[in-house]
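Enquirer: Swiss-Prot lists these features:
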type: BINDING; residues: 33, 36, 51, 54; note: Zn(2+) binding site
type: DOMAIN; residues: 29-283; note: domain 'CoA carboxyltransferase N-terminal'
type: ZN_FING; residues: 33-54; note: zinc finger
């Protein structure tokens, strides 16, 4: 009996030790890559948060990208207010939460930036703001960005990351497709350069409007780029589609983008393109 009690006590002590050790291990040390499914130690993602196995770029906040890409940045005033025209339930609360998470008023950060003294208008979408969806305020900020660039004679660089039009605003969000496209057209008519960089994900109404209307379209490795999502396509076609159909590499092969650029090279490539087209988009 004493031997049994001793063994039981040892077992309890071992269980308690394991529970305490488990509690001391912080969350988030290991992350699963959404593309290759490999488990990665978080420090191995590095400064640019890139999978060391497949080079997939993890979704990143707009203000973090800003540090990667530019030497200076002057933000545009956040004058565009996000409406709730359909009185969608809990939409204001969802907006406030997204604003707290990202530090942005809406899903895009806009302003005027420089890379090695090359000045340009910059917009960076944030996938952590309601999946980077495009609402009325987003469309207004993008439109104002292009109008400013047209007025000042500046090129535009826009980093797209969006699930598409924001469902909480219904037809008002879809109207932003035409609105932003008109602003892009006016900018192009002045012979000014527009570069877009498509990141994961770039889908829906954003893909069908300003994101793919650029003079030069770049993308990140393994980024999902398309209009409808995989599930919608498969339900419509009643068949499975290739796993890589909407990957940037397939989109490049099919001629819809111009180049895939890794995160560590983006600042250099963008500077080279700005320098090359100092006289305008057609030089």
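Heads up, the Cβ atoms here are built off N, Cα and C, so glycines get one too.
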Enquirer: What's the most sparsely packed of the binding-site residues 36, 51, counting other C-beta atoms within 10 A?
Expert: 36
Enquirer: Of 33, 54, the binding-site residues given in the record, which has the fewest other CB atoms within 10 A of its CB?
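Expert: Fewest other Cβ atoms within 10 Å, among the binding-site residues 33, 54, is found for 54.
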Enquirer: Could you give the number of helix, strand and coil residues in the zinc finger (33-54) as assigned by DSSP?
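Expert: Its residues fall into 4 helix, 4 strand, 14 coil.
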Enquirer: With the Zn(2+) site defined by 33, 36, 51, 54, which remaining residues of that chain have Cβ atoms positioned within 8 Å of the Cβ centroid?
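Expert: What remains near the Cβ centre is 34, 35, 37, 38, 40, 52, 53, 55, 56, 222.
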Enquirer: How does the model score the zinc finger (33-54) in terms of mean pLDDT?
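Expert: Within the zinc finger (33-54), the model's average pLDDT equals 94.
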